[in-house]
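S.K.: As annotated by Swiss-Prot, Zn(2+) binding site applies to CYS45, CYS242, HIS267. Taken from Swiss-Prot, the feature L-cysteinyl-5'-AMP binding site covers CYS45, GLY46, ILE47, THR48, THR60, ASN83, VAL84, THR85, TRP238, GLY260, SER261, ASP262, ILE294, and the record attributes it to sequence analysis. What Swiss-Prot lists as motif ''HIGH' region' is 47-57, and the listing cites sequence analysis. The motif ''ERGGDP' region' annotation in Swiss-Prot covers 197-202 and rests on sequence analysis. Summarising the annotation, Swiss-Prot assigns motif ''KMSKS' region' to 300-304.
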Amino acid sequence: MITWPAPQVPSIPGALTSVRVMDTSSGQLVETVRPGVGESSMYVCGITPYDATHIGHAATYIAFDLLYRAWLDAGQRVVYTSNVTDVDDPLLERATATGVDWTELATSQITLFFDDMSALGVLPPHTYLSAVESVPMVISATRHLLESGRAYRVPVPAQERPVHSPAYDIYADVTSDPDFGSISGYTSEERVRLFTDRGGDPATPGKKNPIDPIMWKAQREGEPGWDGDDLGWGRPGWHIECTTIAHCGIGRSCTVQGGGSDLIFPHHEMSSAHARALFGQDAGASVHAHAGLIAYQGEKMSKSKGNLVFVSRLRQEGVDPMAIRLAILANHYRDEWEWTSDVLDAGIKRHQLWLQAMSTNGGPHPGATLAAMREALSNDLDAPRALDAVDAWAYATLAGNDEDPGAPGVVSRAVNALLGIRL
């Protein structure tokens, strides 16, 4: 799938030498720029396109865009892969409820997502595949796990109206992975609760374990399906979709797997277990990094609650996308925080401050500002401290310190390259 256009990343003096990121599984800051290794790779889980991009989505993709930019500044070759789950239960349910063909709904929302990402200055993935495009890979992976005894069939009862008979859903057996649970560290009770709350089916008759994830869902009446040969007609499960797409774009292992903190379990736990089952116990990500969830009107922003703030709507109202990005960057990517009008107003004011300072004929020498930005970003992508460094430079500039006539240009390029803020 072709992504949105890549924004230009300008060259700036100096370079990062270290980029440490918090690893969820260990609870430690982990170095992601390895000595003698000129490449860093990242898989970030994509959207299910049944609604427009909200601020929570934007915050996650901006967080990992910071990591991408930090790696580039460190001289790394970056390999970035992502997905879009363009066939899944929530999408099909929304299409049915609105009377829109599911493919048209997915296409329209993917287009809007691309427009939002482009406007926000997010660097696109090199490999961007959809669930539909992953079908042949998922069939192969599911067959492999069946043959190795790590997956099993569960008959679909007639009351669920399977299109073909006999029909089987295929599940992965989580107990076949000795390292299952190593990412989240949750108890058995917590796993079942989260699996249930986040769309799982713990009570399905015939499952070996309540939290076994579906790999291949047999086609039901009114739903799309693909010919899986010996697997029967069906469609991919979410977790195996990401596993196969990550392997296609990056290989058996990557530097970072990223997403929102609501993906720690079951999604990242399951997709990592699939990777180990398919490619060996040392397969998967070296670091699992997670962005905090954003609240609105007192509750976590979610499609099910409907308490969403859409990027496209803010843009339609005339808000500069760079002000939106600045409002998001004012909070550390791992923090949970609430979107309010005051948060947006602060982003707008900061954007205006920076524009005013960058339009002057000189400013303080930029060396200390760039060093402070890099020091902040090297320590778990601390964007708020990087913003503070630019604020200090801007206030000094507007106070009349114009010692270096080239400073505004250098700082402008730096906030573009490191923070993704085009001025």
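Backbone N, Cα and C define each Cβ position, glycine as well.
Not measured: the values here are computed from a predicted model.
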S.K.: Quick check on the motif ''ERGGDP' region' (197-202): DSSP residue counts for helix, strand, coil, in that order please.
M.R.: 1 helix, 0 strand, 5 coil
S.K.: Considering the binding-site residues VAL84, HIS267, which residue's Cβ sits among the greatest number of other Cβ atoms within 10 Å?
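M.R.: Counting every other Cβ within 10 Å of each candidate, the maximum falls on VAL84.
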S.K.: Quick one: pull the CA-CA distance for CYS45 (Zn(2+) binding site) versus VAL84 (L-cysteinyl-5'-AMP binding site), whole Å only.
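M.R.: Approximately 8 Å lies between the Cα of CYS45 (Zn(2+) binding site) and that of VAL84 (L-cysteinyl-5'-AMP binding site).
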S.K.: Do any residues at least six apart in sequence from THR60 (L-cysteinyl-5'-AMP binding site), in the same chain, have a Cβ closer than 8 Å to its Cβ, and if so which, in order?
M.R.: VAL44, GLY258, GLY259, GLY260, ALA291
S.K.: Going by Cα-Cα distance, pick out whichever of the binding-site residues ILE47, VAL84, SER261, ILE294 is nearest to CYS242 (Zn(2+) binding site).
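M.R.: When the Cα distances are compared, VAL84 comes out closest.
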S.K.: Could you say which of the binding-site residues CYS45, ILE47, CYS242, ILE294 has its Cβ with the most other Cβ atoms inside 10 Å?
M.R.: CYS242
S.K.: What's the most sparsely packed of the binding-site residues TRP238, SER261, counting other C-beta atoms within 10 A?
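M.R.: Ranked by other Cβ atoms within 10 Å, the binding-site residues TRP238, SER261 bottom out at SER261.
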S.K.: Quick check: in three-state DSSP terms, what is TRP238 (L-cysteinyl-5'-AMP binding site)?
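M.R.: The residue in question, TRP238 (L-cysteinyl-5'-AMP binding site), is helix (DSSP, three-state).
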S.K.: When the pLDDT values for the motif ''ERGGDP' region' (197-202) are averaged, what is the result?
M.R.: 95
S.K.: Taking the residues the record says bind L-cysteinyl-5'-AMP (CYS45, GLY46, ILE47, THR48, THR60, ASN83, VAL84, THR85, TRP238, GLY260, SER261, ASP262, ILE294), how far apart in Å are the two Cα atoms that sit farthest from each other?
M.R.: 23
S.K.: Excluding CYS45, CYS242, HIS267, please set out which residues of the same chain place their CB within 8 Å of the center of the CB atoms of the Zn(2+) site, keeping sequence order.
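M.R.: Here the nearby residues are ASN83, TRP238, HIS239, GLU241, GLY259, LEU263, HIS268, SER271.
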S.K.: What are the helix, strand and coil residue counts for the motif ''KMSKS' region' (300-304) according to DSSP?
M.R.: 0 helix, 1 strand, 4 coil
S.K.: Given SER261 (L-cysteinyl-5'-AMP binding site) and HIS267 (Zn(2+) binding site), what distance in Å do their CA atoms have, once rounded to a whole number?
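M.R.: SER261 (L-cysteinyl-5'-AMP binding site) and HIS267 (Zn(2+) binding site) have their Cα atoms 10 Å apart.
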S.K.: Of the binding-site residues listed here (ILE47, VAL84, TRP238, ILE294), which is spatially closest to HIS267 (Zn(2+) binding site) when Cα positions are compared?
M.R.: TRP238
